[in-house]
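Annotated features in TrEMBL:
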{"type": "DOMAIN", "residues": "6-125", "note": "domain 'Dihydrodipicolinate reductase N-terminal'"}
{"type": "BINDING", "residues": "GLY12, PRO13, ARG14, GLY15, LYS16, MET17, GLY96, THR97, THR98, VAL122, PRO123, ASN124, PHE125", "note": "NAD(+) binding site"}
{"type": "BINDING", "residues": "LYS40", "note": "NADP(+) binding site"}
{"type": "DOMAIN", "residues": "128-262", "note": "domain 'Dihydrodipicolinate reductase C-terminal'"}
{"type": "ACT_SITE", "residues": "HIS152", "note": "active site, proton donor/acceptor"}
{"type": "BINDING", "residues": "HIS153, GLY162, THR163", "note": "(S)-2,3,4,5-tetrahydrodipicolinate binding site"}
{"type": "ACT_SITE", "residues": "LYS156", "note": "active site, proton donor"}
{"type": "REGION", "residues": "175-197", "note": "region 'Disordered'"}
{"type": "COMPBIAS", "residues": "175-185", "note": "compositional bias 'Basic and acidic residues'"}
Amino acid sequence: MSTREIRIILAGPRGKMGSAARQLIANTAHFQLVAYLDRKQESETGFSDGQVQVYTDVEQCLSEVEADVFIDLTTPDAAKINLEKALDHHVRPVIGTTGFSEAEIERLRQKSEDKSLGVMIVPNFAIGAVLMMKFSQMAARYFDDVEIIERHHDRKLDAPSGTALKTANMISEVRSEKAQGHPEETETLEGARGGNVDGMPIHSVRLPGLVAHQEVVFGGSGQTLTIRHDSIDRGSFMPGVKLAVETVINAKTLIYGLEQIME
Ligand SMILES: NC(=O)C1=CN([C@@H]2O[C@H](COP(=O)(O)OP(=O)(O)OC[C@H]3O[C@@H](n4cnc5c(N)ncnc54)[C@H](OP(=O)(O)O)[C@@H]3O)[C@@H](O)[C@H]2O)C=CC1
Ligand SMILES: O=C(O)C1=N[C@H](C(=O)O)C[C@H](O)C1
């Protein structure tokens, strides 16, 4: 782990995750906040901490500020632009924002390798969620039939969640594509069987009161196995954000998922 001071630009500082990340940076001695990137002017939001400048233009921010790491906790559309711009300015992105497709990640992996510059794309920073994904991958070696049910707060923009897609992706690494359910099943209500990754249905629930929750349900002859994780507070994500920032600084390629760097 590097302990030299790491200069950080934080995008999305007024958001739910951005607010928690501000506290993390303030409480970490070797993290130095050098700029915020927001969507709106200070005059519109009233957001300012009096210490560093709030930019609303990513190009201007990256041109004027010397930084090592760019943490993005915004929206899928904004993150995709920010990530490319950060790489163009040789600033290492840590992307917590979800909504990237596998094809986009592969293209970005190439760009990161061409520049020998680390990128971290982390669909879920919570250690428990990473373990849920790893345990699900283990279980998938023994159970072919699996469905994923993710539940989130109703302010979430993307569905399914990045975690659900990453879970399906990790299960697909050990499970052959399989059409599940009755071969002749039909939906009498469109979407009733959820989304589908390699035959695995994914169901997305959005309700006020929720934070971030997922169940991976396996079925076999005479038994089911459910692996479940709940984030009930956004503090659950912060140790993972810290680890990602400390890792990306020495990385030379794109790292997709915290499980790649956890012991
Ligand atoms: N990897 C992980 O472990 C986790 C990832 N996430 C992901 O992080 C992202 C943010 O989540 P959350 O904090 O809940 O969302 P919020 O909506 O609470 O916060 C997003 C913030 O980004 C701001 N924003 C929007 N566009 C831009 C832009 N172009 N530049 C700068 N800021 C911008 C929004 O401004 P405004 O308020 O004006 O709209 C808002 O303040 C989501 O993609 C979510 O899926 C969430 C939790 C954990
Ligand atoms: O939007 C959220 O809140 C979350 N998003 C991430 C995802 O899409 O998986 C991580 C976590 O589930 C919270």
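Each residue, glycine too, has its Cβ placed from N, Cα and C.
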Spatial neighbours of ARG14 (NAD(+) binding site) among the recorded positions HIS152, HIS153, GLY162, THR163 [C-alpha, 10 Å]: none
Taken over the domain 'Dihydrodipicolinate reductase N-terminal' (6-125), the model's mean pLDDT: 96
Listed recorded positions adjacent to ligand 1, that is, members of HIS152, HIS153, THR163 whose C-beta is under 6 A away: none
Inter-residue Cα distance where the pair is LYS40 (NADP(+) binding site) and GLY12 (NAD(+) binding site), in Å: 10
Length of the line joining the Cα atoms of LYS40 (NADP(+) binding site) and PRO123 (NAD(+) binding site), in Å: 25
Candidate with sparsest Cβ neighbourhood (10 Å radius) among LYS40, HIS152, LYS156, the listed recorded positions: LYS40
THR98, THR163 as binding-site residues, winner by CB count within 10 A: THR163
In sequence order, those binding-site residues of ARG14, LYS16, LYS40, GLY96, PHE125 whose CB lies under 6 Å from ligand 2: none
